[in-house]
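*Asks:* Pulled these features from Swiss-Prot for this protein:
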- 5-25: transmembrane segment (TRANSMEM)
- 52-72: transmembrane segment (TRANSMEM)
- 77-97: transmembrane segment (TRANSMEM)
- 117-137: transmembrane segment (TRANSMEM)
- 147-167: transmembrane segment (TRANSMEM)
- 176-196: transmembrane segment (TRANSMEM)
- 203-223: transmembrane segment (TRANSMEM)
- 227-247: transmembrane segment (TRANSMEM)
- 250-270: transmembrane segment (TRANSMEM)
- 302-322: transmembrane segment (TRANSMEM)
Amino acid sequence: MLEQVILFTIIMGFLISVLLSPIFIPFLRRLKFGQSIREEGPKSHQKKSGTPTMGGVMIILSIIATTIVMTMKFSEVSMNMILLLFVTVGYGLLGFLDDYIKVVMKRNLGLTSKQKLIGQIVIALVFYAVYHFQGMPTDIRIPGTELSFDFGWIYPVLVIFMLVGGSNAVNLTDGLDGLLSGTAAIAFGAFAILAWNQSQYDVAIFAVAVVGAVLGFLVFNAHPAKVFMGDTGSLALGGAIVTIAILTKLEILLVIIGGVFVIETLSVILQVISFKTTGKRIFKMSPLHHHYELVGWSEWRVVVTFWTAGLLLAVLGIYIEVWL
């Protein structure tokens, strides 16, 4: 029965995304919600200017509808589900505001870094307040073992750091057609398996709903993309995957399963540090996916390579937790 629920969930999430797209994409075009491409980016990206953005709305709507329907039909609404939806929608709304300012108000940078950071921290604080009052644990477990360390009052600081850092890391990965959609589907799929293994079926249903939603979106986001998810989608997905890691006590494993996001972020950090200290750049451009474009790789080759890396890291994460 539970296996059927998972199958129905991924199919429903996929179909809702696929069916929404032909309606929503022309609507975005009519509103002139087109992506602006930065001039310092790869020249090959200039032709993408004007491609509809804010498509993350479709992903979020699919996740909400699928999760609610499947939970009401086969399970019951749990606090885990409420927390997952809260963070996903909260970070999605923050991303929507950022996209809206960029696209409609023509402020290229959207929200300021300070404004975005405050929004991310506020959502993380509300999440942790509910998490804490539900008597949730403050320990972090070593993957593949029963060994854990209680961080006590430091844990909320770590939660805020993980949510802010994780959502931004996922956001940085959204730079090529289909790159984030594919890597997100893989990472959420891995966490769905691990949540299922823990008998946290509500979390597994949510994770599978995300897989279905992003795969449906990928149909229209694969190269050449007809729509971009924007910060609306990338921040929502980032917040969601970190929340899953916290609820399943797999915070450390997130670094492995979400390894592509971590590597992309490290490439930006290293690039900035190197340039500020030596005046030289390590990469031709950061995040890392742009470096490979500038050394001559096709966009599709970069995307497939990163998907493959994400899949290998996801398998490694599952192996460590389940079979090691």
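A Cβ is built for glycine as well, from the same backbone N, Cα and C atoms used for every other residue.
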*Asks:* Give residue numbers and ranges for long-range contacts of the transmembrane segment (302-322): same chain, 6 or more residues beyond its ends, CB-CB under 8 A.
*Replies:* 143-144, 176-179, 182-183, 186-187, 189-190, 193-194, 197, 223, 250, 253, 256-260, 263, 289, 292-293
*Asks:* Using a Cβ cut-off of under 8 Å, list the residues of the same chain at least 6 residues beyond the transmembrane segment (147-167) that approach it.
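*Replies:* Apart from its flanks, the transmembrane segment (147-167) reaches 87, 91, 117, 120-121, 123-125, 127-128, 131-132, 137-141, 234-235, 238-239, 241-243, 245-246, 249, 251, 254, 258, 261, 265.
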*Asks:* Report, as numbers and ranges, which residues of the same chain sit near the transmembrane segment (52-72): CB under 8 Å and 6 or more residues beyond its ends.
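*Replies:* Those are 5, 8-9, 12-13, 16-17, 20-21, 24-25, 28-29, 33-35, 78, 81, 84-85, 88-89, 92, 95-96, 99-100, 103, 202, 205-206, 209-210, 212-214, 216-217, 220-221, 226-234, 236-237, 240, in sequence order.
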*Asks:* Sort out for me which stretch, of 5-25, 176-196, 250-270, has the most Cβ pairs below 8 angstroms to the transmembrane segment (203-223).
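*Replies:* The stretch with the most contacts is 5-25.
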*Asks:* Mind checking which residues reach the transmembrane segment (250-270)? Cβ under 8 Å, same chain, six or more beyond either end.
*Replies:* 140-143, 158, 162, 165-166, 168-170, 172-173, 183, 187, 190-191, 194, 238, 241-242, 244, 282-283, 286-289, 291, 306, 309-310, 313-314, 316-317, 320-321
*Asks:* So which residues does the transmembrane segment (227-247) touch in its own chain, when a touch means Cβ under 8 Å and the partner is 6 or more beyond its ends?
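*Replies:* The answer is 21, 24-25, 28, 35, 51-57, 59-60, 63, 80, 83-84, 87-92, 94-96, 98-99, 110, 120, 123, 127, 131, 159, 162-163, 166-171, 173-174, 180-181, 184, 187-188, 191, 195, 200, 203, 206-207, 210, 214, 217, 220-221, 253-254, 258, 261.
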